[in-house]
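Q: Handing you a structure now.
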């Protein structure tokens with residue numbers, strides 16, 4: 001399946017199409033959207049965003065705890081869309 005992923009970035013909103021087997025960070029990059037990242041392995045917080053609406057599968061990540069996930073935090077480098085989803089990017093500093 002292909003879903004619409006909307007990124008709310010400091011520069012404004014941008015929407016991409018993302019297959020359900022593509023990480024949302026990769027889909028953003030392919031569309032020329034510059035998002036923060038570091039490890040690309042789901043084991044740090046550089047790429048952290050927050051899900052505003054919709055859902056993702058981020059079972060590949062190993063950094064966020066259950067409370068952070070419940071609050072909506074997402075590691076974009078290790079998240080597949082499972083519906084149309086809106087994500088606020090650049091939210092690493094909000095996780096502390």
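Cβ from N, Cα, C; glycine included.
What Swiss-Prot shows for this protein is this:
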type    : residues       : note
DOMAIN  : 3-93           : domain '2Fe-2S ferredoxin-type'
BINDING : 39, 44, 47, 77 : [2Fe-2S] cluster binding site
Q: For the binding-site residues listed here (39, 44, 77), which one has the lowest count of neighbouring CB atoms within 10 Å of its own CB?
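A: Comparing Cβ neighbour counts within 10 Å for the binding-site residues 39, 44, 77 gives 39.
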Q: According to DSSP, how is the domain '2Fe-2S ferredoxin-type' (3-93) divided among helix, strand and coil residues?
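A: Grouping H, G, I as helix and E, B as strand yields 17 helix, 32 strand, 42 coil.
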